[in-house]
Amino acid sequence: MRNWTKSKNKAKITNNLTIIATFLFLLFVFLFICIASWKTIKLISKNGFGYFVFNDNFTNLNVSILNSIAYTFVLAFLTLVVSIPFALKVAIFINFRTQNKLQKSLKFIFKIMGALPSVVFALFALKFLSNGTKLIFNIVQGQNFFSALQMFYIFNCAVLINLLNNVLNEFQLLHKRLAKDKGLSDSIIIYKIILIEKKKQIFKTFFMAFMKVVGEASAASFILLSNSLENVWNKGVFGFLTSSSKPAATLITTNFLNSSNQVRDYLFALSLTLIVFISIINFIIYRFSSLNFKQISQKQLILKYSSKLSNTKNKKYWSIYNHYKIISEFFAFILISLIFALMFLFIMFKGLKAIFSVQNTLKFENNSVIWTSGITLYAALWCTLLSVPISFLISLYFQNSNPKSWFKKILNIFLLISDGFPSLIHGLFAYTIFIQFFHLSLDHQHNTSLLAGVFAVVVLLIPTIVREFNNSFKQIDKNVISILKTKHTTKTFHTFKIKSILLIPTFIKVVLINFALFIAEASPFLLTSDHHNSSVFSLLYPQQTLTTRIVAQLNLDSSNSVNVMYESAFVIIILIVSLITLQTNLIPKLNLKSQKKLNSYFRKMNIDFEFDDKKSKVIWL
């Protein structure tokens with residue numbers, strides 16, 4: 001009886017914690033939307049709708065809100081038009097044209113490239129690609145729209161390939177032998193069966209890549225320098241490509257801290273408009289993915305294309321088709337690999353050179369890479385301690401609540417909306433709530449702190465981590481729960497004994513993901529923590545992270561600024577490579593260990609099973 005009461009109390013406490021964590025997340029997202037709406041209404045009441053349509057010049061800005069959004073979407077669209085075909089072909093080549101160790105090695109390399117911060121790509125664009133732009137257009141200034149397109153193309157390819165690898169990795173062809181017996185080539189199987197079946201997931205990755213470009217603020221500030229969009233559409237193709245106007249996200253991050261209240265209200269209105277457009281697109285994608293299209297089975301598709309192959313003329317066409325696909329995939333793979341290798345080696349070489357130079361900052365003082373690395377990891381630790389438990393509790397709420405609950409539906413909508421927000425939106429929210437309202441800073445001169453940025457990233461990462469936990473809960477073998485129910489074990493036992501064992505690898509995984517994503521982030525810190533390090537090692541003072549340290553050098557007139565950029569980029573790459581290596585090698589071993597530990601529990605309960613070492617799964621007898 002005592003054990004039952006104890007178990008019931010634990011369940012009650014857990015349930016209360018899940019509700020509190022869920023409510024806090026909803027409150028934060030709702031508060032920001034309210035603040036941005038209030039600032040927008042305030043701007044409209046003073047100045048009307050002029051800022052939305054006309055390029056009203058105030059302070060140093062000369063851009064209308066809708067014009068800025070349109071320019072941003074054009075940049076994102078042109079980036080995706082080029083990057084999607086190449087990224088898709090590279091992902092197909094890796095997943096279906098390579099095998100075993102080579103495939104694992106390539107996925108590992110592209111996973112590292114996809115995890116690198118955008119500022120590393122921006123540094124490469126600033127110091128290498130912009131020089132190529134000067135030669136192509138025979139111009140003096142290489143920091144322009146064309147250079148930005150190149151940078152976003154490379155960055156987007158890295159992100160997309162990584163996302164597509166995750167999508168294509170899960171596919172299983174149920175009738176592989178039938179397809180081969182019918183004479184279907186690998187290209188027909190890939191393009192006419194696999195991609196058709198995975199079209200929804202692939203389309204979602206394209207949307208995520210689109211949002212990456214729309215919401216990217218820090219990287220564009222390296223290449224695009226102008227606050228004005230005046231006459232940018234009237235300059236012709238050459239004039240447009242050589243223009244240097246900032247997209248919406250960059251306009252916000254580079255002007256917010258040092259601007260008047262009027263300009264800040266304008267930037268809030270711009271951010272709210274950006275949220276509205278992103279939410280509309282997000283909703284369309286969500287509705288599209290929830291539609292039930294008439295799905296043709298794999299077997300039907302195999303028979304359909306085998307009948308086409310029976311014709312002699314068609315055989316020649318499909319043979320050419322197969323060879324064309326293989327050659328184009330190989331070409332895309334070689335091209336992207338060479339570009340990535342060039343960028344990686346360029347940054348590493350310059351970074352090593354900077355570290356071993358006389359002017360290096362390898363000392364523990366506030367204006368050094370050692371200090372910045374330490375404060376970055378310290379802040380990442382606090383972010384992890386906050387975001388992982390909150391995300392777990394929210395995920396637990398999803399598992400335990402009624403699927404038809406209205407509150408659960410609202411939570412899911414807010415998670416989808418928040419997941420689509422650019423990181424700078426979270427930075428604006430954190431500045432308003434934690435700096436302006438709660439005064440979460442001990443630096444009264446600048447009134448900024450890194451802790452506010454940490455809170456911004458916590459809210460930013462919650463949807464991602466919740467998704468990881470939700471996926472882990474789904475993967476827990478349903479037979480485990482059903483067999484335990486026959487043993488009359490309580491719901492609390494399921495949660496705290498069995499699921500906890502199986503979720504240990506997920507906890508380690510999300511901690512590593514959290515650190516990697518935190519290190520890669522920049523925009524929230526640029527809005528909450530200024531561009532310098534305080535002499536006090538504390539999150540309540542303005543501090544640079546490794547990414548913002550690189551961005552800060554853009555505005556410094558120092559002979560050592562370039563060295564500091566390369567130095568910081570080098571440290572970032574080392575940290576990201578270490579985290580990805582740890583995740584790739586550690587998590588599979590932990591999964592295996594947790595399954596074996598689970599087996600020992602079942603032996604005590606006299607449950608029959610066999611353990612499949614290859615699949616790391618329990619097979620129930």
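Even glycines carry a Cβ here, placed using N, Cα and C.
TrEMBL: automatically predicted annotations, no manual curation.
Keep in mind it's a predicted model, so treat the numbers as computed, not measured.
Per TrEMBL, the feature transmembrane segment maps to 20-38, 69-96, 108-129, 149-168, 206-225, 266-286, 330-349, 369-398, 410-438, 450-466, 501-520, 564-587. Per TrEMBL, the feature domain 'ABC transmembrane type-1' maps to 69-285, 373-583.
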What stretch in 206-225, 266-286, 330-349, 501-520 has the biggest tally of Cβ pairs under 8 Å against the transmembrane segment (369-398)?
501-520
Tally Cβ pairs under 8 Å between the transmembrane segment (69-96) and each listed stretch (206-225, 266-286, 410-438, 450-466), then give the stretch with the top tally.
206-225
Can you find at least 3 Cβ pairs under 8 Å between the transmembrane segment (564-587) and the transmembrane segment (266-286), where each pair is 6 or more residues apart in sequence?
no
With the transmembrane segment (330-349) as the reference, find which of 20-38, 108-129, 206-225, 266-286, 501-520 contributes the most Cβ pairs under 8 Å.
108-129
Based on Cβ pairs under 8 Å, which of the stretches 20-38, 266-286, 501-520 lies most in contact with the transmembrane segment (108-129)?
501-520
Stretch of maximal Cβ-Cβ contact with the transmembrane segment (206-225) [cut-off: under 8 Å; candidates 20-38, 149-168, 266-286, 501-520]:
149-168
Contacting positions for the transmembrane segment (501-520) when only residues 6+ beyond its ends and CB under 8 Å are counted:
115-118, 376-377, 379-380, 383-384, 387-388, 391-392, 457, 461, 464-465, 468-469, 472-473, 476, 545-547, 572, 575-576, 579-580, 582-583, 586-587, 590-591, 594-595, 597-598, 601
Who are the chain neighbours of the transmembrane segment (266-286) in space, where the CB to CB distance is under 8 Å and they lie at least 6 residues beyond its ends?
33, 35-37, 39-40, 43-44, 51-52, 58, 61, 65-66, 68-69, 72-73, 203-204, 207, 210-211, 214-215, 248-249, 251-252, 255-256, 259, 416-417, 419-422, 424-425, 428
